[in-house]
Amino acid sequence: MAPVPPGIRFLTSFNRDQWYRAFTFGLTFLLYTSFHLSRKPISIVKSELHKNCSHVMEAPTESSSSQQPVLHPELDCSWKPFDRNNYKQLLGAMDYSFLCAYAIGMYLSGIIGERLPIRLYLTVGMLTSGLFTCLFGLGYIYDIHSLGFYIFVQVANGLVQTTGWPSVVTCIGNWFGKGRRGLIMGLWNSHTSVGNILGSLIAGYYVSSNWGLSFIVPGVIIAAMGVICFLFLIEHMDTKPFFFCFLTGSWDTELLLGQESIGVCVPVQQVVVVKSEAEPSAISFMGALRIPGVVEFSLCLLFAKLVSYTFLFWLPLYITKTAHLDAKKAGDLSTLFDVGGIVGGILAGVLSDKLGKRATTCAVMLLLAAPTLYGFSMMSQFGLGPTIGMLLVCGGLVNGPYALITTAVSADLGTHKSLKGNARALSTVTAIIDGTGSVGAAVGPLLAGLLSARGWDQVFYMLMTADFLALLVS
């Protein structure tokens, strides 16, 4: 008899629950990656919406007395209405419209998500988000120059994108306990940075030739992931994916009858979830606020997310203006901030697991972040090398606390001992914390648009102040 290949032996060394967890981990990772992938294009396209056209040259004609090229600074290659002198304020208003709608919608999203099937709720959100992301890009295809159109699309997209975070955190929280939660969720939360990186690269590829595709391609991707979500997302440990049963010999889906029959596949027509008659009801909004730590971490995230989202929406434009790079190169360089964010999120999770103190870990990283932001504002003037180094360090220190609070801390508070085992609070708690953070995410880019008109140093002073305030309330 031929020996079993080592790869097969490795695969069969894991039990079914471990495979289910790995599957859910990977799927939810990809789902939320597509959310951030679809948010990133606006920051890449900003420099294309308003272009400095003083470089536009026309070759001399035969009738021209001069043989030198003629400079035409009056020729405008900006996309109306972003050709005005207050274009930074207009771009900031677009950011604000998306993020303000996101912040308001988030408070409602968690409450709604606790009462609806997560799979269906998330699927609808992803499909509609894909629609509105594509609509923004179609503004280029159909030559739409109405500010109201772009504001409407941003508001609508902000509302439907609130379905994502509470749903995926609830799902991952249902599958993973508190053991090593910081490390697991630190790794898992890297989807935020991975989505930003992919979104930057995709948008950057099309931005100079057809910026409409910078939105349409990510919109199609998130809509396609919505279909995958509908087909494969497993909300809770009480249900298992049908194809796992197929791989183990059953041609249909699995009926989970209780603890004694875990791992038994029975041919049935549909997946059945057996629920206890005494299942606890979903927690109220005020009940979630009374959980110890929810208010404090919500306020901390407000300021931490203000800093993170200011970088998310304005970093490529800042690099374009200070380093004098084109939109594609600036977008590619800005991905280093997210690379640092991946390392920072994982490091924050590992440290918080080792120390057993989430708040202390956040406080230390926030304390280091403020002077690092000042260093970045100085170093970015000294060439590409220092800029790359400071982007990596800033990304780690800024996104580390943000990642820890939105994942491990939210999951800890959503399963707090004061809830007495009620697992139906996780979505609401997550929505409250992230919704409050999204208020900061809305204010940060708006302030950046206003302050940058008086100099980029004013923006960095604002970011350092926000970091210190986050430290005070953590």
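One-based numbering along the chain as shown.
Glycine is no exception: its Cβ is also placed from the backbone N, Cα and C atoms.
Copied over from TrEMBL:
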- 27-474: domain 'Major facilitator superfamily (MFS) profile' (DOMAIN)
- 19-37: transmembrane segment (TRANSMEM)
- 90-112: transmembrane segment (TRANSMEM)
- 118-142: transmembrane segment (TRANSMEM)
- 187-207: transmembrane segment (TRANSMEM)
- 213-234: transmembrane segment (TRANSMEM)
- 294-315: transmembrane segment (TRANSMEM)
- 335-352: transmembrane segment (TRANSMEM)
- 359-376: transmembrane segment (TRANSMEM)
- 388-411: transmembrane segment (TRANSMEM)
- 423-443: transmembrane segment (TRANSMEM)
Recorded stretch that, among 19-37, 187-207, 294-315, 388-411, has the most CB pairs under 8 Å to the transmembrane segment (423-443): 294-315
Dominant neighbour of the transmembrane segment (294-315) in 19-37, 335-352, 388-411, by Cβ pairs under 8 Å: 388-411
Listed stretch, out of 19-37, 118-142, 187-207, 335-352, 388-411, that has the most CB pairs under 8 angstroms to the transmembrane segment (359-376): 388-411
Stretch in 19-37, 187-207, 335-352 most in contact with the transmembrane segment (213-234), if contact is a CB pair under 8 A: 19-37
Among 19-37, 118-142, 187-207, 388-411, stretch most in contact with the transmembrane segment (335-352) (C-beta, under 8 angstroms): 388-411
Touch test for the transmembrane segment (118-142) and the transmembrane segment (187-207), at least 3 Cβ pairs under 8 Å: no
Long-range neighbours of the transmembrane segment (19-37), counting only residues six or more past its ends (CB under 8 A): 122, 126, 129, 161, 164-165, 168, 171-172, 175-176, 184, 188, 191-192, 194-196, 198-199, 202, 218, 221-222, 225, 228-229, 232-234, 237, 240-241, 244
Long-range Cβ neighbours of the transmembrane segment (187-207) (under 8 Å; 6 or more residues past either end): 25, 28-30, 32-41, 43-45, 48, 172, 213-215, 217-218, 312, 316, 327-328, 331-332, 334-335, 338-339, 341-342, 345-346, 349, 395, 399, 403, 406-407
